[in-house]
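What TrEMBL says about this one:
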type	residues	note
BINDING	Ala40, Gly101, His152, Asp220	(6S)-NADPHX binding site
BINDING	Lys191, Ser192, Ala193, Gln194, Thr195, Gly219	AMP binding site
DOMAIN	5-277	domain 'YjeF C-terminal'
Amino acid sequence: MKLITASILPKVIRKRPTKSFKGTYGKVALIGGNRNFGGAIIMSTLGTVYAGAGLTTAFTDPSNQTSLHNWVPEAMFADYQDQMHLNQLLPTMDVISLGSGLGTDDQDLQLIKLVFSLVSSHQVLLIDGSALTLIAKEKIPLPAATIILTPHQMEWERLTGVKLADQNPKTNQQAYNQLSINNSHLIAVVKSAQTEVFTPMGAFQNTTGTPAQAIGGMGDTLAGIISGFVAQFHNVNEAVLAAVYSHSAIADQLAQQQYVVLPHQISEALPRFMHEHQAD
Ligand SMILES: NC(=O)C1=CN([C@@H]2O[C@H](COP(=O)(O)OP(=O)(O)OC[C@H]3O[C@@H](n4cnc5c(N)ncnc54)[C@H](OP(=O)(O)O)[C@@H]3O)[C@@H](O)[C@H]2O)[C@@H](O)CC1
Ligand SMILES: Nc1ncnc2c1ncn2[C@@H]1O[C@H](COP(=O)(O)OP(=O)(O)O)[C@@H](O)[C@H]1O
Ligand SMILES: [Mg+2]
């Protein structure tokens, strides 16, 4: 297993060309955040916007609209139960992130099915949180698209059947290979204290990260940052690796002076971190 080190950053994070506009940097839809988990979609949206995605829309429960705009006015809001709006907007997106704080009710399951039916092969679909739990439980096949799965270890167990205690680079690789049989463009970010990333170009282990990150919303934030990187940087595999590295590298830096690192602090530190690591 190869290591993800700082050398990934200048490969991925490029100086922005002068002749560019917001459309150059990608359109992202983030779908999730029920009445109880509004924070999840807000943290995810912060990650995407602060990573530099050109246009970001959060599809969420209407009860989250005011808080979302207080935290991140750069993002647009849409009601995730508005099927017409989903039908209209999702086909225009470059990246769709589904599941952070979604919940596991029947209406959430119907929403996942609708999104899967709307996604097309040129788009990237990131699947996180409750959406992973539901597709594992209901055995929903993944659509034809570039798919990024971001499970924590219990979600990975639900998806693959590999028990948490048995998870290691070898069993995880076997499970990834099995999942890839029906999808040749699959990336699995298996999150833990030493996150492993499985891609069609090989398997990688992250070298950054701290227990100061063990707090709710940390994975929601990562899903947002990955979406923002993939929206604007062209090699999807490398963009995911750079996002995973950056998320935890910033946490390492903050943890030098903080007992715990709050997820939104990572997003807020991201533009400066990317500035420091951009290449010509
Ligand atoms: N502020 C918000 O709005 C927030 C909203 N959130 C949203 O909530 C939704 C549910 O997501 P979830 O991860 O909280 O719950 P679930 O999928 O049931 O997994 C937990 C179960 O697995 C077990 N477990 C064992 N190992 C584990 C591991 N390494 N990492 C994690 N869990 C591990 C664990 O064991 P225990 O802790 O009980 O010992 C427990 O039994 C999802 O949509 C998410 O986006 C959250 O992000 C929080 C902030
Ligand atoms: N001890 C740790 N060391 C490094 N990273 C950690 C540690 N604990 C948790 N993390 C990171 O925090 C995130 C947790 O993801 P997840 O459980 O999905 O969070 P949530 O759903 O609450 O947002 C992952 O990116 C994981 O790698
Ligand atoms: Mg999570």
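All residue numbers here begin at 1 and follow the chain in the order shown.
Just so you know, glycine gets a Cβ as well, placed from its N, Cα and C.
Predicted automatically and left uncurated, TrEMBL annotations should be read as such.
When the binding-site residues Lys191, Ser192, Ala193, Thr195 are screened for a C-alpha within 10 angstroms of the C-alpha of Asp220 ((6S)-NADPHX binding site), no residue qualifies. Residue with the densest Cβ environment among the binding-site residues Gly101, Gly219: Gly101, by other Cβ atoms within 10 Å. When the Cα atoms are compared, His152 ((6S)-NADPHX binding site) and Lys191 (AMP binding site) turn out to be 5 Å apart. Looking at the residues that bind (6S)-NADPHX per the record, Ala40, Gly101, His152, Asp220, the two CA atoms farthest apart are separated by 15 Å. Within 8 Å of the centroid of the Cβ atoms of Lys191, Ser192, Ala193, Gln194, Thr195, Gly219, where the record puts AMP, the same chain has further Cβ atoms from His152, Gln153, Val190, Glu196, Asn206, Gly209. Around Ala40 ((6S)-NADPHX binding site), a 10 Å sphere centred on its CB holds 31 further CB atoms from the protein chains shown.
DSSP assigns Gly101 ((6S)-NADPHX binding site) to coil in the three-state reduction, outside any helix or strand. Less than 6 Å separates the Cβ from ligand 1 in the case of Ala40, drawn from the binding-site residues Ala40, Lys191, Ala193, Thr195 in sequence order. Screening the binding-site residues Gly101, Lys191, Ala193, Gln194, Thr195, Asp220 for a C-beta under 6 A from any atom of ligand 2 leaves Lys191, Ala193, Thr195, Asp220.
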